[in-house]
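Asker: Quick one: the structure is below, questions incoming.
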């Protein structure tokens, strides 16, 4: 079934300024793919010529550092990944992407995507800026793992996820709307699970966060940010 231009624009901020007639041209080339929880979309080091847009579900982006898994980001509905295959053809995938939940993706191959940026250069600029932003985040993550304590890294990552995905105003109590295991959080901050579990419990005991139905609730974002300043 062809994805409509209205669906693309309403689901993906990436397409919000793309002219309807241009979206109508590429929509027949979009392939819908469904994956079970725990499926690998692609592996670090592999090659590819398609970009993926997340229609529903959640994926985790990770890399290996000295044979240790490091989670770079968690992406969900409305996000996209694999764009470097379009910006730099032939470049090996820089990370592994796998599903955390049942996930539906829309894929678009480079040949079809070229229709977009040939007629709308803003698309290419957007891709380049996005790639630079993700690279900066990865560099910041390396810095944090080198210079911040595990507690500070955990607090910083929880606040980043809350700011990115919270359904509220990022200032009031609310959940990070995805289930995160202690092991996944450990992979995000470069620590062992036992240490992460201990610190998460301490943050709960201090009333800074709460765990409900396997989701992290930020009880007081402002207070948690002040705690981060002290820890950093």
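Backbone N, Cα and C atoms are what each Cβ position is placed from, and that goes for glycine too.
I grabbed these lines from TrEMBL:
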DOMAIN    14-116  domain 'Cyclic nucleotide-binding'
DOMAIN    148-222  domain 'HTH crp-type'
Asker: Going by DSSP, how much of the domain 'Cyclic nucleotide-binding' (14-116) is helix, how much is strand and how much is coil, in residues?
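Answerer: Taking the domain 'Cyclic nucleotide-binding' (14-116) as a whole: 23 helix, 45 strand, 35 coil.
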Asker: For the domain 'HTH crp-type' (148-222), report the average pLDDT of the model, please.
Answerer: 88
Asker: If you run through the domain 'HTH crp-type' (148-222) with DSSP, how many residues end up as helix, strand and coil?
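Answerer: Taking each residue of the domain 'HTH crp-type' (148-222) in turn, the totals are 39 helix, 14 strand, 22 coil.
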